[in-house]
Amino acid sequence: MIRIGHGFDVHAFTEGRPLIIGGLTIPHEKGLAGHSDADVLLHTIADAILGALALGDIGKFFPDTDDAFKDMDSKVLLGEVVRKMNEERYEIGNVDAVIMAEAPKFRPHIDAMRESVASILKTQVSNVNIKATTTEKLGFVGRAEGITSEAVVLLTKMEEY
Ligand SMILES: Nc1ccn([C@@H]2O[C@H](COP(=O)(O)O)[C@@H](O)[C@H]2O)c(=O)n1
Ligand SMILES: C[C@@]1(CO)OP(=O)(O)OP(=O)(O)OC[C@H]1O
């Protein structure tokens, strides 16, 4: 049994916060605004997994009106979604994600990001692909107002012994 899910998220740039993407702090002059640490990539992957399981979205489980999730580490958030996925007896088949940002350049960080995401997802690095693109200076991403990300995940049913 396999299930597919799609995730999408956007966060605006802001001064005075670190840029945290894929669980890593990426050197940049601005970070992202959010109720949590605003890790747009991990939120996207969490939403894709919840989508595949028809469980809704991250706002349902981690409302941005709840102080408990203020400045939350999104590695914990995604870890909790992975726990729900395993509870439903599913595991990651593969993930393919894209980060859309005018800057910074993510390519030097992609391998470390894949390791970080794979470890949270409890899967092999070869099951995680992360891409980056600009939007050729078009739109809010092109004006460097924020970062957006999309992902698709395939989940596979765990073998029963
Ligand atoms: N924030 C980004 C954006 C892009 N890259 C890498 O550059 C390649 C070319 O991007 P274009 O948007 O000009 O097509 C892209 O394929 C990525 O490898 C990046 O690292 N960080
Ligand atoms: C993660 C949560 C909760 O702290 O906050 P944000 O960092 O604002 O992220 P978003 O992707 O807008 O939605 C999910 C929120 O509930």
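Positions of Cβ are set from backbone N, Cα and C atoms, glycine also.
What TrEMBL records for 2-155 is domain '2-C-methyl-D-erythritol 2,4-cyclodiphosphate synthase'.
Residues or ranges marked as 4-CDP-2-C-methyl-D-erythritol 2-phosphate binding site by TrEMBL: 9-11, 35-36, 57-59, 62-66, 133-136, Phe140, Arg143. Less than 8 angstroms from the CB of Ile58 (4-CDP-2-C-methyl-D-erythritol 2-phosphate binding site) sit His43, Ala46, Asp47, Leu50, Leu77, Val81, each of them six or more residues away in the same chain. Taken residue by residue with DSSP, Ile58 (4-CDP-2-C-methyl-D-erythritol 2-phosphate binding site) is part of a helix.
The divalent metal cation binding site annotation in TrEMBL covers Asp9, His11, His43. Remark: Asp9 (4-CDP-2-C-methyl-D-erythritol 2-phosphate binding site) has Val40, His43, Thr44, Asp47, Thr148, Ser149 as non-local neighbours, by Cβ distance under 8 Å and separation of at least 6 in sequence.
Cβ-based neighbour count (10 Å, all protein chains) for His35 (4-CDP-2-C-methyl-D-erythritol 2-phosphate binding site) stands at 16. Summarising the annotation, TrEMBL assigns site 'Transition state stabilizer' to His35 (among others).
Other C-beta atoms found within 10 angstroms of the C-beta of Thr134 (site 'Transition state stabilizer') number 14, with every protein chain shown included. Taken from TrEMBL, the feature site 'Transition state stabilizer' applies to Thr134 (among others).
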- Query: Of these binding-site residues, His11, His43, Arg143, which scores lowest on Cβ atoms within 10 Å?
  - Reply: Arg143
- Task: Could you check which of the recorded positions His43, Asp66, Thr134, Arg143 have their CB within less than 6 A of ligand 1?
- Result: Thr134
- Would you mind reading off the Cα separation of Thr134 (site 'Transition state stabilizer') from Asp66 (4-CDP-2-C-methyl-D-erythritol 2-phosphate binding site), to the nearest angstrom? 33
- Are any of the binding-site residues Asp9, Ile58, Thr135 near ligand 2, with a Cβ under 6 Å from it, and if so which? Asp9, Ile58
- Message: Using DSSP and collapsing to three states, where does His11 (divalent metal cation binding site) fall: helix, strand or coil?
- Response: strand
- From the Cα of His11 (divalent metal cation binding site) across to the Cα of Pro63 (4-CDP-2-C-methyl-D-erythritol 2-phosphate binding site), what is the distance in angstrom? 16
